[in-house]
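Inspection log for the structure reproduced underneath, given as structure tokens.
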Amino acid sequence: MDLTKIKGPSFLKELTEKELNDLAKDIRQFIIESVSQTGGHLSSNLGIVELTIALHYVFNSPEDKIFFDVGHQCYVHKILTGRAKDFTHLRKFNGLSGFQKRCESKHDVWEAGHSSTALSAAVAMAIARDLNKESFSVVPVVGDGAIVGGESLEALNHLGSINNKVILILNDNQMSISKSIGGMNNFLNNVRMSNTYNKMKDDYRSILQHGKLGEGVYKATKYIKDFVKRGFINDTIFEDFGIDYLGPVDGHNIVELIRVLQLAQKNKKSVVVHVVTEKGKGYSFAENDQEGKWHGTPPFNLKSGRVLSSGNPSKKSWSEIISDQVLQWMKIDKDIVSITPAMIKGSAMNNLFKVFPERCFDVGIAEEHALTFTAGLSISQKKPFISVYSSFLQRAYDQINHDIARMDLPCLCSIDRAGIVGEDGPTHHGVFDVSILSPIPNIVLFAPKDARELRQFVNTAFHNFNKPYFIRIPRGSIDDIKVDYNNQLELGTWTIESCKDDYKMTLICYGDNVEKIKTIIKSKHLNIRIINARFIKPIDEDMVHKIFTENDKPILVYETILKTGSLGSILLTYCNEKHILRTFEHIALADHYSKQGSVQEIYDDEKIDLDTVINKCEELMNGKKEN
């Protein structure tokens, strides 16, 4: 089938079983070929093909509300709702989003890039539906470990106490990004592995349905089946919440899926449909992946599975470098422990878990728990290192504030993927962490310019383990620079990176922008003093006071985060408190959500690119100022 000709999902109801299965094969191949060219979330979408087809066969979107958690499982949904033709621009600037997006289609009724939000939204939609005396179905599809998130369990608790029906599809692929862990996963394993009961159930149905009384006997003797079931499987956690349960169901058998979904549709109460799928199905490299390599992938060679990367293999990612430095410290200090909320591979913590499995903890998709868990380890005289993506750190604000900083508990937190991250778009850009963390007392917030400063800061934290330390590291790779573990930094100090006696202006920046700016200024022979404002909190008050009072030469603060609550805001507050009557220019993100696309495309679009910075510097040095 030419998938680009699909306008909407209604055609599915006219297809035969063979045609539905052929369509599944076509969609799976289309996704593999498309993602190999654009990059994207591959494995999750390969695993959900038959399930999504069955959902759109049984339900009537957009009247019935079908949405996905985590939102990256939506590729098949997008194809069936008429967007296959746009996949050449998947995750590109002004292109098709890698998540559900309400502005793209009336079939996208909810959107999220973070996990565990769908069930809360579904409960609300069901209540609103019933208040409005409407009759559509609400069908959240929860997978990739999102069911274990605290918000999902809170919503499940609420759902069990009300009579507003939700059909919860549990897409159980035994994975979040890498292999799922925890009690909920163990429970689902037990249900999946109850082969004795499942075989008896199938034989029982087959015999009765071929008997004289047929399906009527099967339905009439349901209480016997349920009694037998209890002999093999205890009440499911969902039934304990007061929610009916159907499953487990083979997530790659379209006919069986349709049958069970129709049962769920007829059910009077809220019901969980437990669907077992294979993440990565149809592409051998993804099927055999236990680490999450194929969860989200850049463009790759279809035959070899090799990533088509233009990166320099001699460079290391920021994540690899900080993990390596922590590993060296774990070899020295047995009290150091490491924590991740389901991001072992993404945060390059594989070696930590390999060398010290008993001192490394993957707590699953549970950022709130992860940060309070960190606090508990700290208060118990351990030295916790935790790595969290900037975008996901937002979810644990209260835990940082209330449980860590308020008690001044020592820890080292790596804020990974800080700054604009690119193709995953506004739900994943790490542009809020400075604004979130800067008002919180007791913390230290650091942004290294290079690998040397990164390693030095780790050393400083573990040598002086008496504060909550936070370090911002961006996505990307740099040249690694090794340092001795005694090589430290002086807390709260900035450095002058480039300065001549007759400098014309001062440029204040931090993080990887420092080296980028230095390179350009040197190549253009511009007489600019560059300040590495590496400590965002506490600021270097001595240097700040000198910069803002020593002369009237122009000052520009450059950041690639949200302007509100940024270093520029901190400096403005400082000048006001010290009665320093001095203005400065500030380049940072405006008060809106940035688009998806390459980092450079977003920088250009937001006017925070290096050309804009240099042009502004030249204007200031030439005495020009924008109105």
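A Cβ is built for glycine as well, from the same backbone N, Cα and C atoms used for every other residue.
Taken from TrEMBL, the feature thiamine diphosphate binding site applies to His72, Gly113, His114, Ser115, Gly145, Ala146, Asn173, Tyr283, Glu367. Counting every protein chain shown, the number of other Cβ atoms lying within 10 Å of the Cβ of Asn173 (thiamine diphosphate binding site) is 23.
The annotation Mg(2+) binding site is assigned in TrEMBL to Asp144, Asn173.
Residues or ranges marked as domain 'Transketolase-like pyrimidine-binding' in TrEMBL: 316-481.
The Cβ neighbour count for His114 (thiamine diphosphate binding site), using a 10 Å radius and every protein chain shown, is 21. Distance from the CA of Asp144 (Mg(2+) binding site) to the CA of Glu367 (thiamine diphosphate binding site) is 15 Å. Take His72, Gly113, His114, Ser115, Gly145, Ala146, Asn173, Tyr283, Glu367, the residues named in the record as contacts for thiamine diphosphate: the widest Cα to Cα gap among them comes to 31 Å. Distance noted between the C-alpha atoms of His72 (thiamine diphosphate binding site) and Asp144 (Mg(2+) binding site) is 10 Å.
All protein chains included, Asp144 (Mg(2+) binding site) registers 28 other Cβ atoms within 10 Å of its own Cβ.
For His72 (thiamine diphosphate binding site), other Cβ atoms within 10 Å of its Cβ number 26.
Around Glu367 (thiamine diphosphate binding site), taking its Cβ as the centre, 28 other Cβ atoms fall within 10 Å, counting all chains.
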